[in-house]
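Taken straight from TrEMBL:
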type     : residues : note
TRANSMEM : 7-36     : transmembrane segment
TRANSMEM : 62-81    : transmembrane segment
TRANSMEM : 101-124  : transmembrane segment
DOMAIN   : 148-236  : domain 'CAAX prenyl protease 2/Lysostaphin resistance protein A-like'
TRANSMEM : 181-199  : transmembrane segment
TRANSMEM : 205-230  : transmembrane segment
TRANSMEM : 251-273  : transmembrane segment
């Protein structure tokens, strides 16, 4: 029972860390934003404009910088926590080298995943199921993707978010779980936690499915690099489509969607069979670490 609680608090604690750091990161970023805006208005001779800053404008403008700072704070917090309790950190992340070919194919699969996923979400939304949930999701996505600096979007959503989320969920949490329970159960539990931290039912639902797939990739190759590549591919393609997707013709959109539906199973099957030859899907455990926290 003692081991159970150690594993439980380890996994839920680091999942919660991602949420907590998002709120903490927003504080200094908001303060810096308001200070700079006030200074700008003061120089222009209109200091009173600082008192009329719209809250939604502030939230929208600080969103990407907050995500970047949050990722940095989460990484170093996790590292420091392990150091304080004298636990190995990088050894728990499954940073084993793998073929660049597998990483590239995983990235391609992630890129291909974005359009079919959006298509399926749209189909479900059109059925009229849970309209309030889909409205909340739409507002969240619009805030995340609309009127944002593209470079900051790529850095925050396309690179930093996938990197830190893979380190926490497919790195620390999945590694801890699979050292104590069967790999299948470990994959499902980390996926549930990953879906939960998105704090949005629609996004959390498909995040759960994607987390299962990324967990499988991590276990198959015993390497975090493959799942990082998949996650980055998916997020980067989302940013690119949000910026340039409106310029696509209907025919081009249909062709890209069809190609994506074909690419996904081909890439996953390729990765599955290549990983089976390499490690027979057997997760490696560091014998010096034991099974505890």
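Backbone N, Cα and C define each Cβ position, glycine as well.
Within the chain carrying the transmembrane segment (251-273), a Cβ under 8 angstroms from the stretch's Cβ atoms is held by residues 102, 105-106, 108-109, 112-116, 119, 213, 217, 220-221, 226, 245, all 6 or more beyond its ends. Counting same-chain residues at least six beyond the ends of the transmembrane segment (7-36), those with a Cβ under 8 angstroms from any Cβ of the stretch are 50, 53, 58, 61-62, 65-67, 69-70, 73-74, 77-78, 164-165, 168-169, 172-173, 176-177, 180, 189-190, 193-194, 196-197, 199, 293. Taking Cβ pairs closer than 8 Å, the transmembrane segment (101-124) reaches residues 134, 137, 202, 206, 210, 217, 221, 225-227, 229-238, 241, 253, 256-257, 259-261, 263-264, 267-268, 270-271, 274-275 in its own chain, all 6 or more past its ends.
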